[in-house]
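What TrEMBL records for this protein:
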DOMAIN    12-447  domain 'Aldehyde dehydrogenase'
ACT_SITE  GLU227  active site
ACT_SITE  CYS261  active site
Amino acid sequence: MSSISRMATKDLEYSNEADIALAFRTSQMTFKSGYTRPTTFRRRQLEQLWQLVDDSVDRLCEALYHDLRKPRFEAEAMELLVLKQEINDALLHLDEWVKDERTKPSLINRFGSICLKRKEPKGTVLIIGAWNYPLSLAFAPLIGAIAAGCTAVIKPSELAPSTAKAISELLPQYLDNNAFHVINGSAQETTRLLAQKWDHIFYTGNGVVAKIIMKAAAKHLTSLTLELGGKSPVVIDENTNMTVAAKRVVFGKMMNAGQTCVAPDYVLITAKAEAKFIAALKEGLLTMFGENPQTSEDFGRIVNDRHFKRLHTMLTGGKSRDIVIGGQTDENDLYIAPTVIANVERDDILMQDEIFGPLLPLVRVIDVDDAIEFINSMDEPLALYIFSSNKKLIKKVLDSTRSGGVVVNDTMMHVSERTLPFGGIGPSGMGNYHGEHSFLAFTHIRSTMIKDMNPLSEAAMSLRYAPYNSTKIMFAKLALERVPEFKRGFIAKHLKWIVLVLVFGIAYHRRRRIA
């Protein structure tokens, strides 16, 4: 085991079975009491979470460095500042998000009805974080859960033990201890957590574990949000600005040493453009990380020995390919250099699974149609990147592929945009979050109809009561059957007004008879 792994794992204490049962029971009882529903409570908890992050910058950055050798800029910009931005957004819009939405009733319910979409918390939720961004991937969903009025149990990743330890020590000092709990552990503790009857589970990680979580959730018909990954492709138009494209690909690929769920996984490029793109990649990597990235303070490390060996196998296990940049490794330091590999065949080991490391394969395609065909031969990725100024080409790729998200002429930046939902499709995930979408992920939209009981509305709705006859069927059709626009004549287009007159006429006639 490397010195980094030993340093990171020595102090994390796992929760026992009694801890798990108590955390679930307390959270559930607290939610059922209604304690977390007032917006004043939610606002206070969000403020406290912001204060936790603000007070603990050095402690959290140090933990992230121990776990991943994460550079200070990445720790602050990609984890802490992102969280503070999300909290600020929730505080700013909370009153708007929780407000009931009034809808316009259809014709059959037009009289004496109020229709509402109530925003209600799902209940007691489980949040299972990931190791690659161990702080933000635990706390970002928590922001949505707090805003929605839920109680939550957070399970940080044990593969980032220093950050997990910081979370478990800091969170109880700032958030309500009856509503929010932290459970530490590995597979055994997670299995015990999944045995509980949660109202929602939010998981970030890989597809293999996601299937286990889905199976556990199915026992209780628990709703899920699954934030997974996949092989996110980059399509390079040979006429694009190679210098800018290369810098932006390097940024997205080498952030966190490639251990990002939306990192560019591979590049699709024509033979004509490949050499120019490789030259631009070399220049971009040299500018960002210097001649020897191992000595750069801005380049991270692989999380542990197991993932290092997995990536080393990918690096050395292929045939008929060329390492054109990088390729150096140091197992004792968990270091793999930023590496670009050309002439990668479509059945290469690099193309089988998500890479999740600083290895960038270049796959040659004939043209954009060939690139589209290749993308569609793979599972739907979490992200798709297109570098081109050709609007027709961009539209063609967008119209012909599927992915969780798309960025044109950049990488990863859509994740930072709170107005956009972030999530996958198919094997890359289920559901989405960020901004208001985080609130909605933990919210049940409760359809609510409030009817009055005055004689006029009762008379208008009397045709629904037995005994039925041909007259009632006729009026039911008038009220419920909507003729498509292309089938409408003059009478059909004004049918709703005719129905209104008839319904009021019937109601008036019945009322006079009663009188």
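For all residues, glycine too, the Cβ spot is worked out from N, Cα and C.
Automated prediction, rather than curation, is the source of TrEMBL annotations.
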Model confidence over the domain 'Aldehyde dehydrogenase' (12-447) (mean pLDDT, whole number):
98
If H, G and I count as helix, E and B as strand, and all else as coil, what does DSSP give for CYS261 (active site)?
coil
Give me the long-range Cβ neighbours of CYS261 (active site): same chain, 6+ apart, Cβ under 8 Å, in sequence order.
ALA130, ASN132, THR204, GLU227, LEU228, GLY229, LEU382
Cβ-Cβ neighbours of GLU227 (active site) (radius 10 Å):
26
